[in-house]
Amino acid sequence: MNEKIGGERTWMQKILGYGVESRGIAPVPVEEKTDMAYSRMFTFYVTVSVNILPFSTGSLGPLVYGLNTRNSCLVILFMNLLCTIPPAYFTTFGPKLGFRQMVLSRYSFGYFGVILPVIFNLIGMLGFNTVDSILGGQTLASITAGKLSWTVGIVIVAVVSLFISFMGYSVLHWYERFAWIPVIITFIIAIGVGGHHLSNPVTFEPATAPMVLSFASVLVGFVLTYVGLSADFSCYMPVNAPSKRIFWYTYFGLLTPIVLLQCLGAAVGACIPNIPSWQAGYEAGSVGGLLAAMLSPVGNFGKFLMVLLSLSFMGNIAATFYSISLNFQIMFPFLAAVPRYVFSIVGTAIVIPLAIAGAHRFFDTLSNFLGLIGYWSGTYAIILTIEHFLFRKGDTANYDPSIWNNPRKLPVGLAAFLSLAAGFCIAIPAMDQVWYVGPIAKKTGDLGFELAFVTGLVVYPVLRWVEIKVSGRRG
């Protein structure tokens, strides 16, 4: 038995020797907070965002919601300017406290109540990795003219991404620092080759409020959900790291590529019906087939560029697998001793079959998923914001790091739990999705996010005040 245990330790030591991060959800101690490359937050989020997914999301404006290029781009710009603020802001908490994002959430939701946002967060992250894997697999398959199936492409993209996630924080940041460069070049070439077609869009009906609001809810689901993992990637930075620089690096690292690629997707989507080769590629291979058609004029070089595009998802998927592993440990505290990277493998095992199942209904999968996950993230963001500024006076010194894992000293969490649940429930009659249209949404369009946000804004301060008075502990 002792020999077996010794063998397991040797195996673990070998893994750690290759630079694999073993730390899970425990706060990063001050002596280990040595990452002073603050600009990495910009390149990290650029790599996470520079892939085909924002392009596909932007194309939903004309293809699903009937908005022309101008209206689609205006909605894209406004919603991203607003919704990028919370993820960028909560990134600044990582250096000051050394907490992962959902550990920080315990100081509002409590030890047990945090399970609710963790569930929503896991659904969102697993969903993102599913649609990313679908797109990556379809793009890889489009290069081979049907010789490589979507299923095989999905498995390749997911497994390679798992390897990067497996290594942990340092390798992840190193990879994300450079991986965006060839992908940006590929998109520039695609614009250069097919850009002359963008002056030939189809004619659209005038925009209506329901069309705009429904597309806006999809965009909220795309960017605001980063708030559930913000601090995960900055917690190794020192306590005295400049918060303003980290905020702006994160803000523009998300905003710039997302807005540009979503607007490009909207412009291309508005022209697809008027360009036979694009229409044929889109019908044969979804967005991957569309991009293959756009790059076909450059021959085999275009196929090489498609390989780069198919691999562009690895930065996003790997980072998300990393956060998924942390969320599993918070959801199941009794598994906290299990190494973080084991849960990355579990996440991959979940994503691959989901991606294979959803691959043949990609746009339904994407629009339904993004529209749904945006509802919880607005309420979650306002709960943490109110907690910080109202109940902790806007000072991270009012968070006691020593109680991060103590359910008796952390907040009860009932106020945050009920506020988040109420926000989601009130959003239901205002939802406008393919599978369900609520009675409010039938008249106004999708107002689910707005109502959920306002619910959290009104309900949480009252319930939290009562919770503190009754329980006698702020946490």
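Residue numbers in this text run from 1 along the chain shown.
Every residue gets a Cβ built from N, Cα and C, even glycine.
Feature list (source: TrEMBL):
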| type | residues | note |
| --- | --- | --- |
| TRANSMEM | 42-65 | transmembrane segment |
| TRANSMEM | 72-89 | transmembrane segment |
| TRANSMEM | 109-128 | transmembrane segment |
| TRANSMEM | 148-172 | transmembrane segment |
| TRANSMEM | 178-195 | transmembrane segment |
| TRANSMEM | 207-226 | transmembrane segment |
| TRANSMEM | 246-268 | transmembrane segment |
| TRANSMEM | 304-328 | transmembrane segment |
| TRANSMEM | 340-363 | transmembrane segment |
| TRANSMEM | 369-391 | transmembrane segment |
| TRANSMEM | 412-435 | transmembrane segment |
| TRANSMEM | 447-466 | transmembrane segment |
For this session: For the transmembrane segment (148-172), could you work out the same-chain residues 6 or more beyond its ends whose Cβ comes under 8 Å from its Cβ atoms?
Result: 18-23, 44, 129, 132-134, 136-141, 233, 236, 310-311, 313-315, 317-322, 325, 340-341, 344-345, 348, 351-352, 355-356, 359-360
Problem set entry | Leading contact stretch, 42-65, 246-268, 304-328, 447-466 vs the transmembrane segment (72-89) - CB distance under 8 Å | 246-268
Exercise. Residues of the same chain, at least six outside the transmembrane segment (42-65), with any C-beta under 8 angstroms of its C-beta?
Worked result: 71-72, 75-76, 128, 131-132, 135-136, 139, 172-173, 175-180, 183-184, 187, 201-202, 204, 211-212, 214-215, 218-219, 222, 233, 249-250, 252-254, 256-258, 261-266, 268-270, 272, 287-288, 291, 309, 312-313, 315-316, 319, 363, 366-367, 370
Problem set entry | Stretch with greatest number of CB pairs under 8 Å, the transmembrane segment (207-226) reference, 109-128, 246-268, 369-391, 412-435, 447-466 candidates | 369-391
Exercise. What else in the chain is close to the transmembrane segment (304-328), if you only count residues 6 or more beyond its ends and a Cβ gap under 8 Å?
Worked result: 24-25, 44, 47-53, 100-102, 118, 121-122, 125-126, 128-129, 132-133, 135-137, 139-140, 142-143, 153, 157-158, 160-162, 164-165, 168-169, 172, 175-176, 179-180, 182-183, 186, 189-190, 228-229, 232-233, 288, 291-292, 295, 298, 335, 340-344, 346-348
